[in-house]
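**Student:** I have a structure I would like to understand better, so I am pasting it below and will then ask my questions one at a time.
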Amino acid sequence: METQRASLCLGRWSLWLLLLALVVPSASAQALSYREAVLRAVDRLNEQSSEANLYRLLELDQPPKADEDPGTPKPVSFTVKETVCPRPTRQPPELCDFKENGRVKQCVGTVTLDQIKDPLDITCNEVQGVRGGRLCYCRGWICFCVGRG
């Protein structure tokens, strides 16, 4: 009788531990990776664009230092390039080829890794040219160059 009671108690604890194990990963699964957050920003850029073709991620700058809070805005910098896919097709940009001589845009701003909050603040400017193998864009009198070179 005593062993039945102990077995029943152990079974309850096992059940609680199993439920806890199922709940904890699902809570952390709501956090995006830095790359996923940027890809979501590219999707938003394509949704809000009035241009004929979709843009696809071309280059992603280094992520900022790790921050434990997925809701804290993270600085982001990336480059997108025009693809051959027309915007109305709603095809995932990752499946589209880059357009030869397509437009290139440098994007900067902030993203969050929280799937629920999702505030984005991204500004993209068309790259003005190539200097020594690096993409350059200008805002007023100031030019920024990114990439290798």
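Think of each number as a place in line: the chain as shown, counted from 1.
For all residues, glycine too, the Cβ spot is worked out from N, Cα and C.
Small disclaimer: the values here were computed from a predicted structure and weren't measured.
Quick paste of what Swiss-Prot says about this protein:
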- CYS85-CYS96: disulfide bond (DISULFID)
- CYS107-CYS124: disulfide bond (DISULFID)
- CYS136-CYS145: disulfide bond (DISULFID)
- CYS138-CYS143: disulfide bond (DISULFID)
- ARG148: arginine amide (MOD_RES)
- 61-80: region 'Disordered' (REGION)
- 1-29: signal peptide (SIGNAL)
**Student:** Measure from the CA atom of CYS85 (disulfide bond) to the CA atom of CYS124 (disulfide bond) and give the result in Å, rounded to a whole number.
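**Tutor:** Approximately 20 Å lies between the Cα of CYS124 (disulfide bond) and that of CYS85 (disulfide bond).
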**Student:** Please list the DSSP helix, strand and coil residue counts for the region 'Disordered' (61-80).
**Tutor:** 0 helix, 7 strand, 13 coil
**Student:** How big is the Cα-to-Cα gap, in Å, between CYS85 (disulfide bond) and CYS107 (disulfide bond)?
**Tutor:** 20
**Student:** Check the DSSP secondary structure of CYS124 (disulfide bond), expressed as helix, strand or coil.
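**Tutor:** Once the DSSP labels are grouped into three classes, CYS124 (disulfide bond) ends up as strand.
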**Student:** Below 8 Å Cβ to Cβ and six or more residues apart, same chain only. Which residues does that give for CYS96 (disulfide bond)?
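**Tutor:** CYS96 (disulfide bond) has long-range Cβ partners LEU54, ARG56, THR83, VAL84, CYS85.
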